[in-house]
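Quick look at what TrEMBL lists:
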- 27-478: domain 'Major facilitator superfamily (MFS) profile' (DOMAIN)
- 20-40: transmembrane segment (TRANSMEM)
- 82-100: transmembrane segment (TRANSMEM)
- 112-135: transmembrane segment (TRANSMEM)
- 141-159: transmembrane segment (TRANSMEM)
- 171-191: transmembrane segment (TRANSMEM)
- 197-220: transmembrane segment (TRANSMEM)
- 285-309: transmembrane segment (TRANSMEM)
- 321-343: transmembrane segment (TRANSMEM)
- 350-371: transmembrane segment (TRANSMEM)
- 383-406: transmembrane segment (TRANSMEM)
- 427-447: transmembrane segment (TRANSMEM)
- 453-474: transmembrane segment (TRANSMEM)
């Protein structure tokens, strides 16, 4: 039975030539800026959640709970209501991602980025102006819809538009802008924390990154793959000429794109069904689940959300905790910049290995210090030098994530899927990621209260597992054109038993 990934030619991976043109760079820059809206929300939530004026207005019972919990540092911020403020966005994002695959396939990547930017702007305006919890939650839901649509379309746009030689660096730009959004939000929180209306500024400024992605997307053309899929080959060729430059073999690339799209149309059943039932798609299905799951289980997302609260737990004051979050965000941004310089030189797996080992060491260090100095009861106060050591280990963990899972968690899912299941694969990646983000943001503070310092040992164990998994089961994708990506599965020691390519370039089972 036909199924699995599609390779448009019998030969090895093809390099279509061309250069890193100004057009493709600016197109990818605009698309990557979609990461700003996700990053800004990640950074803003934890800071706002510890601002006393915000808590007094919307969650006064949380302040009472905090006062009653002062005997146990681990449980200082344990409140399901408070975490629901953060996690509710990701329920809406999950719902949006479930329909985003079909919308992206039908309307194109550019249109979905426009929708995501508009929805996020509306959500930012509503949360900034909120006068009651209902407005706050509805605004959070609009923000979630914006995140769901943008997370679906922007990484696909980057992977399909970027030349294969620079695909890793350009696609990693999404995570760079995500980290920039986190850092910007931390700086805004720090600057507004002393004002009674500071939380309104922090939440309302979510509209700024939304304007950037919306206005920028107005000037983009859609990707060649999306245009061919929607029956516009002439526009696809014009787009390739513009972004690849005069030295590229545009016609050869367009032929391969057309072959891949045509082969995908030969199957009448849905993309999700093909991924789930056809043996040739087994590697894609496993990685579509494993990559976003492991991405979340690095623990960096909850640390990004709740960094100010974690730093308060280990003894920093309110403003010092916010500054610690700023430092952590800056470290993440620098690490991502370094990763973009080496991702297409040394490959994906080297970065995964180095970052994984570094994150394990950092998490074990945090667990050891918190266990030794705060103890199991959480009643011991941590001396300032040890609190600084926790900040250093947190930054070490963030740096390891920043040049490994941070960018590669977006790069790998955007490049491994054949065109017929690419939207479905990315939708699965986004859906699983948002689902686990919701679960973790809703449970992290309760987990910290119950598991105490062992929370960080838990994440260290998961990082060790995922590092071994990547070493064994992820083929190297550096420099392989998207239309020839099927060759990596045939050569892999394990996946080749599932994927067998005939002369037609179609995976046979």
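Each residue's number is its place along the chain shown, starting with 1.
Even glycines carry a Cβ here, placed using N, Cα and C.
Keep in mind the model is a prediction, meaning the values are calculated, not measured.
Contact between the transmembrane segment (82-100) and the transmembrane segment (141-159) is present: at least three CB pairs lie under 8 Å, with pairs separated by 6 or more positions in sequence. For the transmembrane segment (321-343), the residues of the chain that approach it from at least six positions outside its boundaries are 43, 46-47, 50, 168-169, 172-173, 175-176, 179-180, 182-183, 185-187, 189-190, 193, 303-304, 307-309, 311-312, 351, 391, 394-395, 398-404, 406-408, 411, 478, judged by C-beta separation under 8 angstroms. For the transmembrane segment (112-135), the residues of the chain that approach it from at least six positions outside its boundaries are 31, 34, 37, 58, 100, 103-104, 141-154, 157, 200-201, 203-214, 217-218, 220, judged by C-beta separation under 8 angstroms. If one looks beyond the transmembrane segment (427-447) by at least 6 residues along the same chain, the residues whose Cβ comes under 8 Å of a Cβ in the stretch are 45, 77-80, 82-84, 86-87, 90-91, 93-94, 97-98, 100-101, 104, 147-148, 151-152, 272, 275, 288-289, 291-293, 295-297, 301-302, 305-306, 309, 413, 455, 458.
Same-chain neighbours of the transmembrane segment (285-309): 42-43, 45-47, 49-50, 76-77, 86, 182, 186, 189, 275-276, 318, 321-322, 324-325, 328-329, 332, 359, 363, 394, 397-398, 401, 405-406, 409, 412-413, 416-417, 425, 428-430, 432-433, 436-437, 440-441, 444-445, 456, 459, 462-463, 466, 469-470, 473-474, counting only residues six or more beyond its ends whose CB sits under 8 Å from a CB of the stretch. When each of 20-40, 197-220, 383-406 is scored by its Cβ pairs under 8 Å to the transmembrane segment (171-191), the top-ranked stretch turns out to be 20-40. Taken together, the residues in the domain 'Major facilitator superfamily (MFS) profile' (27-478) have a mean pLDDT of 84 on the 0 to 100 scale.
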